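**Student:** A single structure is presented below for examination.
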Amino acid sequence: SFEGRVEVYHDGKWGTICDDQWDNQDAEVVCRQLGLSGNPKALSWAHYGQGSGPILLDEVECSGNELSLDQCKKSDWGQQNCDHIEDAGVSCDPFTGTDLHTYAKGTVRLAGGRSHSEGRVEIYYNGDWGTVCDDGWTDLGAQVVCRQLGFR
């Protein structure tokens, strides 16, 4: 939900962006435009797979302060010299900040509860959320998770 190949809609069509000049300032604008906070990271060479259809933008050069890609310096729509192997991607990873509670190699959250202070324990690792098996799960483990989430 916070990373993938960047696609834009123009003139009735969805298309991709070529990764020429693609950098973290461009990623920052994409994340902002999508309403996502986190650590913006630009990815090149169809990191999230090759798109299909037209390549709509090339040579995108944002300063990082723009509110949308439309405000960035770029080629004219449809003017490009790329193949889909050069489709640009972005990660707006919300789990790379320094203010997060970490558990082993992942970030812990509670999901599916009736309030923010209860629920199924989930852990973020290698780009995915997973559950924690209850084998050997005790009150001590629950206390550790609660402490890491800022509960006393």
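Just so it is clear, glycine is given a Cβ too, placed from its N, Cα and C backbone atoms.
Those TrEMBL annotations? Automatic predictions, nothing curated.
Predicted, not measured: the structure shown is a model, and the values here were computed from it.
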**Student:** The disulfide recorded in TrEMBL for C82 goes to which of C18, C133?
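**Tutor:** That record, TrEMBL, gives the partner as C18.
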**Student:** What Cα-Cα separation, expressed in whole Å, is found between C62 (disulfide bond) and C31 (disulfide bond)?
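**Tutor:** Distance (Cα to Cα, whole Å): 12 Å.
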**Student:** Within the domain 'SRCR' (1-93) only, compute the mean pLDDT.
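**Tutor:** In the predicted model, the domain 'SRCR' (1-93) has a mean pLDDT of 90.
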**Student:** Say you check the Cα of C18 (disulfide bond) against those of the disulfide-bonded residues C31, C72, C92; which is nearest?
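**Tutor:** Among C31, C72, C92, C72.
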